[in-house]
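Listed features, source TrEMBL:
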DOMAIN    185-270  domain 'Cytochrome c'
TRANSMEM  7-26  transmembrane segment
TRANSMEM  38-56  transmembrane segment
TRANSMEM  123-145  transmembrane segment
Amino acid sequence: MRSKIPSFIIIPFFLSVIIFILYIFLGIDHRSYIVDPITIFFFIIITILLFILDTINNLIYRRKLKFLTEEERRKIFEEDEGNYFYRLYKFLFNNSKKMNQGVKKIDHGFDGIIELDNRLPMWWVHLFYTTILFSAIYFFSYLFMDFSNPYKEYEIAYKNQLREIDIFEKTTPQITIENAFFNPKLIDSGKALFEENCSTCHQYDGSGNIGPNLTDDYWINIIEKDLFKNIFSIIWYGSKNNPTMRAFGQSGEIKGNDIHKISSYVYFINKLSKKPIKHKAPQGKKNMDWNKI
């Protein structure tokens, strides 16, 4: 059967559906395949085949008209009067023929109940077409614009978060050796930072690798009388007796607030957790005479 929708609408719509399916299911890492020369060639072949199919369909339709009566041809020509957009407008807003038709009755037969096949209200029909129009606009907006693109929304949210962090760090004073103190609330966040920055040399549990064991009572550097500040100072200034321990704070590699978190975690595994973890032999001098916090 010949479609009443012209090919210049059907073919782009059909190609758009294919592109949309590829765009969704290929994933963000493989969407470059859509503009690959082979894919473009594939789309060209499909377009040519669709035009050939439409041409054949029109030829069959015209040949079929020759076998119809004059009255049948007249009804068809009346229905096809004007271009597609005129017929669509007439169908939506000037549907007087349907208004004049009687209500069709459907007899179920076996139960004696007659069902009235009432015509749908025009407001409902127009609302339905509005949803179709909205879906088409949304579809092309999703394909070719940043609107409702989850990856773009994530990128924008990520940049905004980095901007907020930058503003927070600029407006929030950094912890220094003078005001550093042990904060139990920072242990969990300090553990995450320790695993990210320190675990290569000290293991994830602080038991030591190429760096010393941080869970025993032996220290290569004793700079401060307070254990927590001694830990903070070593991370900030580095180790004079162990050059592999660089000055993370002085170099700006780790900010004061993050050193505060790491120091809280190291103090926790050294002083407050079950100890020591016997992984590496002690290094440095044993010191039990720390000021109590």
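Here the Cβ of each residue, glycine as well, is placed from N, Cα and C on the backbone.
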Outside the transmembrane segment (7-26), six or more residues from its ends: residues with CB under 8 Å to it: 33-34, 39, 43, 46-47, 50-51, 54, 84, 139-140, 142-143
Residues of the domain 'Cytochrome c' (185-270) by DSSP state, where helix covers H, G and I: 43 helix, 3 strand, 40 coil
PLDDT averaged over the residues of the domain 'Cytochrome c' (185-270): 91
